[in-house]
């Protein structure tokens, strides 16, 4: 019975995931350093407009991520915590830390500590808590990706085009940046898979396909927005706001139920509109294929229009810079890459996507592994393991991230 119990742990947190978490924290710190360096560089070049835009993106994204982090701490305030979080809460300074943009660092500190303790003590509930914290961090990184990294990449490509610095090295840097965005989306996808009944059979091959089609869909979108912004800088804000308002309205019409408060839900819907501006994101269960088809059709037409306006301006007022390719060729490449991404996405859903039809099947997996599920008053799910044949005192409950579980149900429905 000891062996069966060990196999019933719903969430595994191997050393490889811990190393990825530590690596993610280091890259997060490196990203902060590079952002500061970029701001200082713009200041030294007296490019105050670009510096102001970059600071707006950085501060706005950080405030958004900290808001979600604080709300999730507030929702989970009565749940099991790491010692790091408990210490901060006992000092009544958790809110202050988020005001000073330190909430994400606190989450990383809590995850690293509980991971080390879990590896040393080999406690099952610590392993589950580590996965719980990892799920929240993956969501926060996804929000940061589309509120900071993607807009920042658009800004950088726009600057490169306007300054005539279109060289092979700058193109490679842009490809590396969009690849980093696709990697962040792929890691979020890996977190969703922890809720699958056959997650052990889900290898990295399907994740590679997932990465490739996201790269091919997000890349042309970012490039099209940057091309349009390089020739019509005064109209890109109007394009974003009008598109975002439509997407925000759609998210509101779908009646999402992700956050535990009314204000938090409105913030989530506004953030979904921001994510949809760059990439598809499943937020409710049912009719996902139809919504995804409509979305990609609309984005494809929008990419064609943005690139078309750019080509028209290039032909009307030829720039002083020498482009590596003819504008018409670039237009065809953008559309072709997006279509290739759609074809690869269809291939993924045809051959790599798990056949899950209802969210209840995802939740059923958790219930079958435990004898009972205890739901506290605040709504957070806690799986309490009571294995047959055990005479020892049961360990503390394993936390289940309700937010990620619901997103997994939406994605695999």
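For all residues, glycine too, the Cβ spot is worked out from N, Cα and C.
Small disclaimer: the values here were computed from a predicted structure and weren't measured.
Looking at 170-188, 189-207, 360-378, the range tied to transmembrane segment in TrEMBL is 170-188. Checking the ranges 266-283, 392-409 against TrEMBL, the transmembrane segment annotation falls on 266-283. Proximity of distant same-chain residues to the transmembrane segment (47-73), defined by a Cβ-Cβ separation under 8 Å and at least 6 residues beyond the stretch ends, is recorded for 35, 38-39, 85, 94-95, 98-99, 101, 103-104, 107, 136, 139-140, 143-144, 147-148, 151-152, 155, 159, 259-261, 264, 267, 271, 403.
Within its own chain, the transmembrane segment (208-228) has Cβ neighbours under 8 Å at 150, 153-155, 157-158, 161, 174-175, 178-179, 181-183, 185-186, 189, 235-236, 239, 278-280, 296, 299, 302-303, 306-307, 309-310, 330, 334-335, 337-338, 340-342, 344-345, 347-348, 352, counting only residues six or more beyond its boundaries. Each of 93-116, 170-188, 266-283, 295-315, 327-348 was scored by its Cβ pairs under 8 Å to the transmembrane segment (18-40), and the highest score goes to 93-116.
With a cut-off of 8 Å between Cβ atoms, the residues of this chain six or more beyond the transmembrane segment (295-315) that come close are 217, 220-221, 224-225, 227-228, 230-232, 239, 243, 276, 280, 323, 327-328, 330-331, 334-335, 338-339, 342. Within the same chain, residues 64, 67-68, 71, 142-143, 146-147, 150, 185, 214, 217-218, 221-222, 240, 243-245, 247-248, 250-252, 254, 256, 258-259, 292, 295-296, 407, 410-411, 413 sit at least 6 positions outside the transmembrane segment (266-283) and bring their C-beta atoms closer than 8 Å to a C-beta of that stretch.
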